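Worksheet: the structure to be examined is printed underneath.
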Amino acid sequence: MASGADSKGDDLSTAILKQKNRPNRLIVDEAINEDNSVVSLSQPKMDELQLFRGDTVLLKGKKRREAVCIVLSDDTCSDEKIRMNRVVRNNLRVRLGDVISIQPCPDVKYGKRIHVLPIDDTVEGITGNLFEVYLKPYFLEAYRPIRKGDIFLVRGGMRAVEFKVVETDPSPYCIVAPDTVIHCEGEPIKREDEEESLNEVGYDDIGGCRKQLAQIKEMVELPLRHPALFKAIGVKPPRGILLYGPPGTGKTLIARAVANETGAFFFLINGPEIMSKLAGESESNLRKAFEEAEKNAPAIIFIDELDAIAPKREKTHGEVERRIVSQLLTLMDGLKQRAHVIVMAATNRPNSIDPALRRFGRFDREVDIGIPDATGRLEILQIHTKNMKLADDVDLEQVANETHGHVGADLAALCSEAALQAIRKKMDLIDLEDETIDAEVMNSLAVTMDDFRWALSQSNPSALRETVVEVPQVTWEDIGGLEDVKRELQELVQYPVEHPDKFLKFGMTPSKGVLFYGPPGCGKTLLAKAIANECQANFISIKGPELLTMWFGESEANVREIFDKARQAAPCVLFFDELDSIAKARGGNIGDGGGAADRVINQILTEMDGMSTKKNVFIIGATNRPDIIDPAILRPGRLDQLIYIPLPDEKSRVAILKANLRKSPVAKDVDLEFLAKMTNGFSGADLTEICQRACKLAIRESIESEIRRERERQTNPSAMEVEEDDPVPEIRRDHFEEAMRFARRSVSDNDIRKYEMFAQTLQQSRGFGSFRFPSGNQGGAGPSQGSGGGTGGNVYTEDNDDDLYG
């Protein structure tokens with residue numbers, strides 16, 4: 001242990017991950033010799049390990065599995081590899097490329113008797129004596145070593161049968177000599193039972209939380225395997241571990257894997273199950289669980305959903321819960337000093353657990369199993385797809401990069417959804433009535449990248465199921481004009497997500513918020529949607545008035561929850577539409593219930609400041625009344641970029657008209673540029689309305705002409721064969737002319753003047769067009785904005801004072 005720990009003072013968790021340099025650790029390779037009892041090494045390796053041909057060796061694999069084999073030398077095998085066939089690999093629960101350890105095992109006795117049973121699906125339809133046809137030729141004169149629990153495959157009589165070693169005497173391993181008695185009576189073993197033990201979770205099946213897993217290994221495996229270590233140092237090993245994190249990150253899975261890999265007795269307590277209506281029974285259920293575990297030490301007790309049985313005592317009204325919490329506390333304290341029982345618990349609400357449980361000596365280690373990052377997601381996807389048939393075009397890295405905020409459970413769902421989609425495509429080739437499916441169809445099944453794309457469009461991160469997070473279907477093409485605004489937005493949201501290294505290089509944290517303001521109908525909401533879509537971030541849209549509720553304190557809690565969710569699903573864009581409804585200037589709201597609106601603003605302010613820099617959460621606010629918004633929200637560091645989205649100019653109007661009509665058939669002679677020239681002062685929404693009205697008129701005409709044609713057919717059936725062309729193939733000029741008769745401006749000149757005044761005031765209070773550092777060439781022109789006078793520095797301080805107290 002020391003060799004790993006003292007290298008540059010690494011902490012234990014990484015030390016355990018590093019494999020020590022041991023010569024008896026070898027990499028598993030495919031066997032050339034197909035014998036079930038033979039493994040082969042290179043001659044130099046055998047010399048190093050002091051082994052001879054024909055020696056019996058003990059191999060240790062994953063999940064505490066062992067096997068006993070005969071070792072032979074093989075010149076084609078490289079020094080660090082060991083060749084073994086599939087049967088041995090399955091018994092050791094390892095795959096090609098895994099690492100196993102090998103050690104000499106000289107004292108294997110000859111067996112007196114062994115008991116083997118066949119596995120049911122391999123012996124179906126076999127008549128005759130299993131022993132004579134299979135077992136006798138397999139063991140005769142071979143002196144094979146076997147171990148209890150091994151499964152071996154015997155070929156003979158046209159087919160292969162699998163047997164499992166149920167019992168050996170002496171146990172747990174022996175050599176089958178000519179005078180060993182072989183029993184094979186009894187019911188065949190069911191394949192399902194075997195599969196279950198094969199599919200037990202191990203550490204390999206957990207992805208995306210390496211660091212946490214290393215921490216847990218250190219806390220669980222060390223005390224269970226080497227209690228002497230702690231004795232030598234003179235401390236007690238940790239007793240309890242609390243795993244917490246959002247649902248679906250793999251807390252229960254980790255506990256199962258730990259139990260399987262350590263070989264400890266695993267006792268699962270599901271929180272709600274131990275509750276009972278009879279007084280005293282729930283507590284005795286708990287006591288029984290702990291007694292059972294102590295009898296079978298070393299043991300792991302795993303309490304799932306701890307918050308169900310140990311809520312805060314002052315908050316619960318039921319007497320039963322209080323008694324259970326007290327019982328759990330006394331049991332955790334009363335675990336005998338050296339009884340190797342470790343209590344693990346999982347919850348996704350650590351703050352609702354009684355604080356007495358979270359002190360040292362009870363659940364003294366808390367491990368946060370968070371949402372995995374892109375590398376973690378890739379690990380998880382590789383684990384879930386290792387048994388899937390993937391087409392060559394599947395790029396799991398790409399999928400991992402696009403699934404922001406997904407936890408392990410979501411990724412598992414994603415993989416199965418993609419596989420189902422692959423099957424759906426082949427559904428027309430599959431006849432459900434048939435007993436079997438063609439081998440051709442089976443072989444052609446493969447999951448392609450398109451299936452993953454489809455599954456991605458269907459799946460949401462589970463943390464955000466209730467606040468519907470849609471990645472909107474709006475792209476930059478849908479937005480006409482506003483080029484500068486688009487560029488600024490891309491810099492704000494896409495750079496921190498796509499180029500975090502640049503921010504590190506220049507030592508800056510990216511800015512977090514933007515406020516759009518401008519007249520209604522200019523595309524503020526549309527911009528927010530497009531940015532969320534372009535950078536593949538999650539998008540939570542919050543309508544201002546929805547946050548306010550009638551209950552005291554609940555509105556603030558809503559704000560808190562939304563920010564928590566956004567942090568969980570980072571990178572995430574939080575879009576506050578109609579910000580003025582919830583962020584009015586404080587103090588002026590007379591008649592609002594108990595100052596609820598003020599408290600909501602305070603909560604939003606603190607959340608914006610407290611957003612940890614690690615997470616990419618961006619806030620976009622939109623309003624058309626910027627003058628009534630609380631100035632504290634508009635300071636740099638919160639919504640630091642104020643972007644005025646003006647009415648579109650002529651060029652933008654053409655772009656908007658084109659964007660609106662890009663899917664519609666429009667006649668060649670419709671001059672959109674002229675239309676744009678005539679619609680001065682129209683907002684984007686007004687222009688969209690003109691296009692819609694023109695479409696509507698074209699549709700109306702088309703339907704009317706169809707009805708007319710139908711009537712003509714009925715009156716004159718003989719003329720039916722004549723194929724007429726479409727009377728209204730496209731939207732014509734007269735449709736637009738008619739639509740323009742009803743067009744109106746939704747924003748008056750007066751309103752625009754107000755917005756422009758506001759924009760100008762902001763510019764004046766913030767900009768210094770003439771600021772230059774003093775150097776050889778001083779100056780520049782006079783101040784373009786700002787009231788000027790004196791040096792740039794003076795203006796700056798005065799202006800700042802002005803801004804602060806103004």
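Quick reminder: no glycine exception, Cβ is built from N, Cα and C everywhere.
Taken from Swiss-Prot as is:
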type: BINDING; residues: Pro247, Gly248, Thr249, Gly250, Lys251, Thr252, Leu253, Asn348, His384; note: ATP 1 binding site
type: BINDING; residues: Gly521, Cys522, Gly523, Lys524, Thr525, Leu526; note: ATP 2 binding site
type: COMPBIAS; residues: 777-793; note: compositional bias 'Gly residues'
type: CROSSLNK; residues: Lys8; note: SUMO2 cross-link
type: CROSSLNK; residues: Lys18; note: SUMO2 cross-link
type: MOD_RES; residues: Ala2; note: N-acetylalanine
type: MOD_RES; residues: Ser7; note: phosphoserine
type: MOD_RES; residues: Ser13; note: phosphoserine
type: MOD_RES; residues: Ser37; note: phosphoserine
type: MOD_RES; residues: Thr436; note: phosphothreonine
type: MOD_RES; residues: Ser462; note: phosphoserine
type: MOD_RES; residues: Lys505; note: N6-acetyllysine
type: MOD_RES; residues: Lys668; note: N6-succinyllysine
type: MOD_RES; residues: Ser702; note: phosphoserine
type: MOD_RES; residues: Ser770; note: phosphoserine
type: MOD_RES; residues: Ser775; note: phosphoserine
type: MOD_RES; residues: Ser787; note: phosphoserine
type: REGION; residues: 708-727; note: region 'Disordered'
type: REGION; residues: 768-806; note: region 'Disordered'
type: REGION; residues: 797-806; note: region 'Interaction with UBXN6'
type: MOTIF; residues: 802-806; note: motif 'PIM motif'
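Comparing the recorded positions Thr249, Ser702 by how many other C-beta atoms lie within 10 angstroms of each C-beta, the top residue is Thr249. Distance from the CA of Lys505 (N6-acetyllysine) to the CA of Ser462 (phosphoserine) is 34 Å. Of all the recorded positions listed here (His384, Lys505, Ser770, Ser775), Ser770 has the Cα closest to the Cα of Gly521 (ATP 2 binding site). Note: the Cα of Thr436 (phosphothreonine) and the Cα of Leu253 (ATP 1 binding site) are spaced 35 Å from each other. Apart from Gly521, Cys522, Gly523, Lys524, Thr525, Leu526, the residues listed for ATP 2, the same chain places the Cβ atoms of Phe516, Gly518, Pro520, Leu527, Ala622, Ile645, Gly684, Ala685 within 8 Å of the centroid of those Cβ atoms. For the pair Gly523 (ATP 2 binding site) and Pro247 (ATP 1 binding site), the Cα-Cα distance reads 37 Å. Comparing Cα positions, His384 (ATP 1 binding site) lies closest to Ser37 out of the recorded positions Ser37, Lys505, Thr525, Lys668. Checking each of the recorded positions Lys524, Leu526, Ser702 against Lys251 (ATP 1 binding site) by C-alpha distance, the shortest gap belongs to Leu526. Spatially, by CA atoms, the binding-site residues Cys522, Lys524, Thr525 include one closest to the residue listed as 'N6-succinyllysine', and that is Cys522. The closest partner of Ser37 (phosphoserine) among the binding-site residues, by CA position, is Pro247; the full candidate set was Pro247, Lys524, Thr525, Leu526. Predicted-model confidence for the region 'Interaction with UBXN6' (797-806) is 40, expressed as mean pLDDT. The Cβ neighbour count for His384 (ATP 1 binding site), using a 10 Å radius over every protein chain in view, is 21. In this structure the alpha carbons, written CA, of Lys505 (N6-acetyllysine) and Pro247 (ATP 1 binding site) are 35 Å apart. Rounded to a whole number, the C-alpha distance linking Leu253 (ATP 1 binding site) with Thr525 (ATP 2 binding site) is 42 angstrom.
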